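Take a look at the structure below.
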Number of protein chains: 2
Amino acid sequence: MVVSMSSCRIFRLFLHPSSSTLYRKYRNTCIHHISTSSSLLQIMGDQVADKMENLTTSDKGQKKECPAKKEDGDGVPAAPSSSGGGGKAALKVPKGTRDYSPQQMAIRESVLATIIQCFKRHGAENIDTPVFELKDVLTGKYGEDSKLIYDLKDQGGEILSLRYDLTVPFARYLAMSKISSIKRYHIAKVYRRDNPAMTRGRFREFYQCDFDIAGAYDPMLPDAECIKMVEEILNALQIGEFQIKINHRQILDGVFELCGVPLEKFREICSSVDKLDKSPWEEVRNEMINEKGLSPEIADKIGKKIQVSGKPNDVIAQLKSDTDFMSNPTTKQGLESMELLFKYCQLMGVEESSVSFDLSLARGLDYYTGVIYEAVLISRGKGGAAVGVGSIAGGGRYDTLVGMFDPKKRNVPCVGVSIGVERVFSIIEQRSDKKIRTTETQVYVATAQKGLVEERVKILSTLWGSGIKAEHSYKASPKLLQQLQYCEEMQIPWAVVIGEGELEKGIVKLRNVATREEEEIPRTDLIPILKARLS
Amino acid sequence: MVVSMSSCRIFRLFLHPSSSTLYRKYRNTCIHHISTSSSLLQIMGDQVADKMENLTTSDKGQKKECPAKKEDGDGVPAAPSSSGGGGKAALKVPKGTRDYSPQQMAIRESVLATIIQCFKRHGAENIDTPVFELKDVLTGKYGEDSKLIYDLKDQGGEILSLRYDLTVPFARYLAMSKISSIKRYHIAKVYRRDNPAMTRGRFREFYQCDFDIAGAYDPMLPDAECIKMVEEILNALQIGEFQIKINHRQILDGVFELCGVPLEKFREICSSVDKLDKSPWEEVRNEMINEKGLSPEIADKIGKKIQVSGKPNDVIAQLKSDTDFMSNPTTKQGLESMELLFKYCQLMGVEESSVSFDLSLARGLDYYTGVIYEAVLISRGKGGAAVGVGSIAGGGRYDTLVGMFDPKKRNVPCVGVSIGVERVFSIIEQRSDKKIRTTETQVYVATAQKGLVEERVKILSTLWGSGIKAEHSYKASPKLLQQLQYCEEMQIPWAVVIGEGELEKGIVKLRNVATREEEEIPRTDLIPILKARLS
């Protein structure tokens, strides 16, 4: 952490807080700095950070209440737990979760507003579902990842679990409400008992921003729009270079078929392929052979066929010259679908450089049945070589999930995308250097002498009544300097200052906080003048 | 339920869906009607509704999977639970929760926007906390209501509970982040295993909108602003006449003192007084005598002292003439605080008719230490007599809660208010007759003949690129009539129609959906003309 001049000043002030208001503001800034350094700890590994956290909690005189330590699922010691209430409460948030400070909320709000703007530009409606579902709703939908689901305690009622994503609740909603077509977005928190990596934006409680198009439509029109929207959103967020990798489950299935993979192993081999974004082919190959029981010949065939990616037109040309590929009806049909998809993408104005056709993209979840895609942020190495530095959005087509809930197995075809906003928040938090405003206050009402609180309140009342965002000190007789410093710190554009002189003359001083220029205006003109300045 | 002509038409269409798009729209409307009638069931008592729900679920072929029925905490049978995944998943949401449809979300968004506007007008910052807390954080904060807390299952990590309100997590946040002053709002869902009454807006998962001012300030300035804000919000929401009842815990404590209640019984007698908004004095008196062990004389004394309410000035005058009251230092001091509070309220422009000084107001939660208030909606009976029909907002001062979390017991005085928005949603949902728009789509791009999907997509791409909210059919060759009907149904203001003739001439038809007027404009002028029309 680079300790800047301003943070030194902050620490000095922090030690000698002369006013409560200033104290709080500098306090907050300090907290920001402190949390930056604790982030550094987390870079050292979350386990280390977690142990330090436990130490800190123990330091707070909790040792006596600490029961025999339980090991967490991932080998991290559980937090010490005190049995009583009152002053002994543990002073931390659950592992893998965080409070959002006003600064973080300001970033979150602006990121979500950008995303919602895109969703609305494409005509989406908004829905919400409960944070928990009957456990049965989630059962059998997530494959191996089901172990990460948070269950609620059986308290003598229904058996409930926290939602793991927004897609399964969406499918349950469609089946339950018998909706056969909808274009909706849903922005809400989901829960996974995963190993957190907070600085990289991986939490146990995190936001998902989902957009999905449900309905029986013509091929690839909804699918292409989802890809278009990922491009629009990532461009609008300005978080750096990205690429949207695209593939089709039908192509993967066809490749497995033509390589001789037994049908019953398709899903587990698909799950091995999914690991290619993090592991080298050698490891994935070993898993296929040693864990999934494929012959080395079949594994090698798969490796050759799927390690193909590049510009859509190049990959399409390459595959068309592959006789194996073109003679298998499944891969051939998948390729035709991809051609149509890329044609629509081009017509929609998706940049060729934004997308790649990547046969090694598999996506983890079982429910995908068609097009799949994943956007990754790109870091340019030496010589300009692109390296993927993490997934930022993903999705695909899932045509059979709704049918799993419908009593008559009636399916509603769906395609959608989920934006990984926590990662976006992290990126923007880490790079934002200038102070973000956390309030929208337009006018601060200040008094220059003691005993004027009633006059201040009267002016405030007029301002609020005119829809002007206004604040004052909650001290009856605050010092003028402190009031003005607060305005500068919070970047409030205007201050109205009254003293006994102003009261007698029926005027107020209107101060431009940034320039510190002051002018006297008649009190009766205050509202129209302010409204003109603020518009 | 009044079945209108339009809903008859809806049901007819519903049986013969001729187009998928129309089908969905009418479907949605039907669902709305269905949910209205199921609301009626709930008026008949939630237990009945719950049993019917269970029957419905059983009807869906789930009987075989149904285990021995467990009784819920409140005597309602639990939902049948199937053990497997796949097609057997239970098709319902957890008891006391609901999905929000696009129509409901539109209402929710507009209500929350009104409230947030007020919070921001008063300079509030925004924060968020995790949906669950370490169980210890919640322990010992809610008195009898602790039994309503949702616990998470012990899955080998921390022991967690869903948050019960936003106040305790706020206090934990202040202590943990060592913040000594902040003015923040927090809008989020909270969880209570209570007996739901869905039509009256009582859920197990529900939103709270909290605004709080934390910091050591001068008396009653923050408190009065909270009351001012309740008035502003309830006026802005236009949900009918209301009254804000106000009292002071110090006055209640003083009354108990001067009536001879033993100190250790103060909190439980306060909790009895709290029931006066729902039960007659006779019942509360019986509880005080038979359950809480007060003598009838003391109970009667309390009854006489606290059954006093009315216009602040009248009540203040009445209390000042009460020698018991004025000779007890606690009540006297409480009264002085109330005088100051009402003075500030008046200066802030709070209407005298909006507030009442009500000595019987006690508020349930233990953590209040000063001013308490509760806004109730008023229904006028015959002769204009006001009857409270339910609480819509509440809050008060809690100066010692943060200290319960601080290792050094350092307190941060707080005062705040919570708006009961679920009730507001319910009221607005029940009265809204006209169809609310659920999208913001500005332009629909329609084609008049088959085979023009590519031209449609090109126009859409231009519209999106110019920031115009635009949609089209996901069918390659949809019928023109269906496209135009969709525009009318969704209240999309403009439609751009292209056919082969228009393509040849390089023009488009621009249709005003409401008036059905069409004009021909050059395709190159489409964006500037649309922008002018939409601005």
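First residue shown is number 1, and so on along the chain.
Quick reminder: no glycine exception, Cβ is built from N, Cα and C everywhere.
The region 'Disordered' annotation in TrEMBL covers A:56-96.
Annotation source TrEMBL lists compositional bias 'Basic and acidic residues' at A:60-73.
TrEMBL lists A:96-428 with the feature domain 'Aminoacyl-transfer RNA synthetases class-II family profile'.
Marked as L-histidine binding site by TrEMBL: A:D165, A:L166, A:T167, A:R192, A:Q208, A:D212, A:R363, A:Y367, A:Y368. The secondary structure of A:Y368 (L-histidine binding site), as reduced to three states from DSSP, is coil rather than helix or strand.
According to DSSP, A:R363 (L-histidine binding site) sits in a coil region rather than a helix or strand. In the three-state DSSP scheme, A:T167 (L-histidine binding site) falls into the helix class. Across the residues annotated as binding L-histidine (A:D165, A:L166, A:T167, A:R192, A:Q208, A:D212, A:R363, A:Y367, A:Y368), the widest Cα-Cα separation comes to 21 Å. The binding-site residues in question are A:T167, A:Q208, and the one with the fewest Cβ neighbours inside 10 Å is A:Q208. Taking Cβ-Cβ distances under 8 Å and a sequence gap of 6 or more within the same chain, the neighbours of A:Y368 (L-histidine binding site) are A:R249, A:G396, A:R397, A:Y398.
Mean pLDDT for the domain 'Aminoacyl-transfer RNA synthetases class-II family profile' (A:96-428) in the predicted structure: 94.
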